[in-house]
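*Asks:* Once you've had a glance at the structure underneath, I'll fire off some questions.
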Amino acid sequence: MAATDQPVLSASATGNPAGESGKQWQLAVFLTLLTIAAILYLYKETGLSTVAIWERSETFAHGFLIFPISAYLVWTRRNLLAQLTPHPDYRGLFVIAALGLGWLIADAGSVLVLTQYGLVAMIAATVWTILGPQVARAIAFPLGFLLFAVPAGEFLIPSMMNFTADFVVGALQITGIPVFREGTFFTIPSGQWSVVEGCSGLRYLIASFTLGTLYAYLTFRSTKRRIIFSILSIIVPVFANGMRAYLIVMIAHLSDMTLALGVDHYIYGWVFFGIVMMLLFWIGSFWREDLIAEPEKNITTETPSAPSTTGRNFIITGAVLFIIAAIWPAYATYLDNRPIKTKGLVMSLPDSINGWQKQNVPISNWQPHFVGADSQILQTYKKGENTIELHLFYYRTQRQDAELINSQNYMVQQKHPVWNNVGEEPREVTLDGKKTVVQESLLRSPSTRLIVWSWNNLASTYTIDPYLAKLLLAKARLFGQHDDGAAIIVASQYSDDKEDAAKALQHFILDTLPAIQQSIHNVSEQ
């Protein structure tokens with residue numbers, strides 16, 4: 001019939017659908033919201049973890065605003081939506097299944113950020129599945145904007161810290177100020193500085209990218225301009241943060257270290273960031289297109305062969321979607337409830353291993369920071385002139401805040417009152433007769449320097465790759481196998497040349513690794 005070739009609804013003055021199609025819209029929207037609410041309940045632990053991060057971290061506090069902004073953006077499209085007729089799209093059920101499986105894998109590997117992305121993507125996929133592809137296309141940006149609610153990006157901190165340190169040191173040298181640098185620490189004639197997490201610029205980057213993407217959507221009409229401006233909102237804050245850090249160092253240097261050291265350090269930074277963002281938006285305004293009517297898109301033409309949709313279709317779609325979405329957290333709950341002993345696990349090591357004798361005094365007061373380990377041990381060994389410190393952290397099963405691969409597991413805590421991590425890099429060593437890459441960290445205190453090698457032991461697989469480790473742990477957990485693992489850390493003092501200490505570490509590993517493996521095996525059998 002010809003009626004199927006024309007828009008079923010027209011926009012009224014208020015933008016509300018009318019007649020039978022209006023009732024269809026009301027039912028479809030109600031079922032969509034109901035299904036989303038049900039999904040949020042099914043995945044409530046993931047949702048609550050997201051909100052908890054918004055609450056405790058200023059970097060991600062903007063997450064509270066993302067959903068209201070997205071809802072407002074949908075409301076601004078109400079006139080266009082009024083011209084569309086919602087139709088369930090059963091292809092979306094496969095997307096829901098894929099997202100659920102991805103969530104399960106991420107949950108099994110304790111990759112919190114991926115579970116959060118999976119949940120947000122499931123919300124968007126629910127809209128597509130129940131309301132149909134035309135409606136989803138009409139509000140594609142508001143749905144995509146929801147991804148900014150996920151507190152992601154902390155993995156960028158180390159590289160951004162290094163870039164900021166490179167930028168500041170390079171700018172100081174161009175200025176003519178002599179600089180001595182160790183990792184992210186550097187010294188100039190007027191004082192010592194370090195680039196810490198708060199100086200990495202991640203907060204600026206996230207704020208700029210979120211605001212820049214929203215500004216591009218509201219100000220421009222062409223996809224090309226929107227993409228270009230969004231990319232600029234990523235690049236500009238990275239370099240602006242480097243300039244901000246350089247200016248703060250220069251202000252302190254020229255004022256004999258009396259300015260830019262306390263609260264004003266942060267004030268200067270945010271004022272500078274505000275100026276940069278204002279300039280970015282001002283430049284973007286020269287190419288603004290928001291005063292131009294948005295070009296008509298071919299989204300209101302119904303497919304001639306599209307079947308009529310009844311309330312029953314919407315109800316069945318929502319019910320099937322809910323069942324598919326419920327499978328994955330149900331299986332995750334089953335895995336979590338398996339009887340696994342995590343209390344009372346005790347690790348032990350021999351007092352003597354191939355000539356290495358146990359010592360009662362550690363080589364320093366340094367301790368690596370690992371959270372939630374089910375068992376751990378510190379032992380110091382000496383052979384000849386070489387003294388080595390061994391740390392083992394064992395995790396019987398992976399769960400939130402008690403996992404081998406965790407951003408809170410590190411060699412030295414930021415702003416530690418005594419110890420500093422002045423550099424980390426991969427290093428190839430010999431483990432079990434094979435060339436293996438470990439993480440080498442150089443630590444210093446006012447009186448001591450340490451070279452530290454660390455790696456993860458997962459079912460006799462050695463790796464420092466966090467992604468590979470997460471995949472191995474997730475695979476083991478999903479198939480009902482042991483998802484235990486251990487961090488192995490060895491440390492030695494050095495003075496000027498770290499290579500002598502590195503040789504001692506290599507000899508120690510060759511002599512003691514079988515005993516270390518046996519210790520890990522013994523605790524896994526308890």
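Cβ coordinates come from backbone N, Cα and C, glycine included.
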*Asks:* Look up region 'Disordered' in TrEMBL and report which of 1-20, 361-380, 381-400, 401-420 it refers to.
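*Replies:* That would be 1-20, per the region 'Disordered' entry in TrEMBL.
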*Asks:* For the annotation transmembrane segment in TrEMBL, which listed range does it cover: 59-76, 473-490?
*Replies:* 59-76
*Asks:* For the feature transmembrane segment as recorded in TrEMBL, pick the matching range from 88-106, 164-182.
*Replies:* 88-106
*Asks:* For the domain 'Methanolan biosynthesis EpsI' (321-518), would you mind checking the mean pLDDT of the predicted model?
*Replies:* 92
*Asks:* Can you see whether the transmembrane segment (202-220) and the transmembrane segment (88-106) are touching - at least 3 CB pairs under 8 angstroms, only pairs 6 or more apart in sequence?
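*Replies:* When sequence-distant Cβ pairs are counted, the transmembrane segment (88-106) does not touch the transmembrane segment (202-220), since fewer than 3 lie under 8 Å.
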